[in-house]
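> Okay, here's the structure, questions in a sec.
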Amino acid sequence: GLCAAPRTADFGTEGRHHLQPRGPSKRSGPLEEQPFRGLLRPENLSREELVDVLRAAVVDQKGPLVTLNKPQGLPVTGKPGELTLLSVLPELSQGLGLGGQELQLVHASGKETSGLVLLSTCPQTASRLQKFFIHSRRSQRPTATYCAVTDGIPATSEGKIQAALKLEHTDGVDLRSPVSYRCTWYWSSALFLGTTHTLPAWALSWASAFCCQLPAPRPKD
């Protein structure tokens, strides 16, 4: 089953505006030192400042779910001691008035991508939604669309990719995956067994068999 919504917090747009900090922040200095609007440099922020940034980035808060707009440059995970999204979830949970319920990550984009991050205070809800996103990614439904800011108009990518594909049916989803080829060295010891006058002809037939991945003929005595 799904977890009940915590009673200590307001949800929806009204609750989001109520939870956001009002007035200028005393720690606004480092925030103004970011390279440009939208790009975040965690190394320039303290933990408290990062929590303030994430609180202001909350888009919606409803039931056990919290959605926020992660800025570009903020990693989801990292090394011990680094400022990441996961490292400040306890403080963010407290800052959003969730009581003793701590937010868990459901779905997020990578460090260099901005976009919506889905969090949940309910382990059962988080698990079910994580399975849903895994299934959606495998089935490519819906298809993820990314937007990028470029310097000028990029040249159209051209090229040809040749690869063998196989169709696999996994968890009710048809997946097309490349077929891996393994090169097998057949009768490699025969190089040292062939006689001088038969070795060139045998080597040619061996090479042809190797390219076709078929057993090579034995050299004649």
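Cβ atoms are placed via backbone N, Cα and C, with glycine included.
Below, the features straight out of TrEMBL:
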type	residues	note
REGION	1-36	region 'Disordered'
DOMAIN	65-168	domain 'Pseudouridine synthase RsuA/RluA-like'
> So, by DSSP, how many helix, strand and coil residues make up the domain 'Pseudouridine synthase RsuA/RluA-like' (65-168)?
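Per DSSP, the residues of the domain 'Pseudouridine synthase RsuA/RluA-like' (65-168) fall into 27 helix, 21 strand, 56 coil.
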> Taking only the residues in the domain 'Pseudouridine synthase RsuA/RluA-like' (65-168), give me the average pLDDT of this model.
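Mean model confidence (pLDDT) across the domain 'Pseudouridine synthase RsuA/RluA-like' (65-168) is 88.
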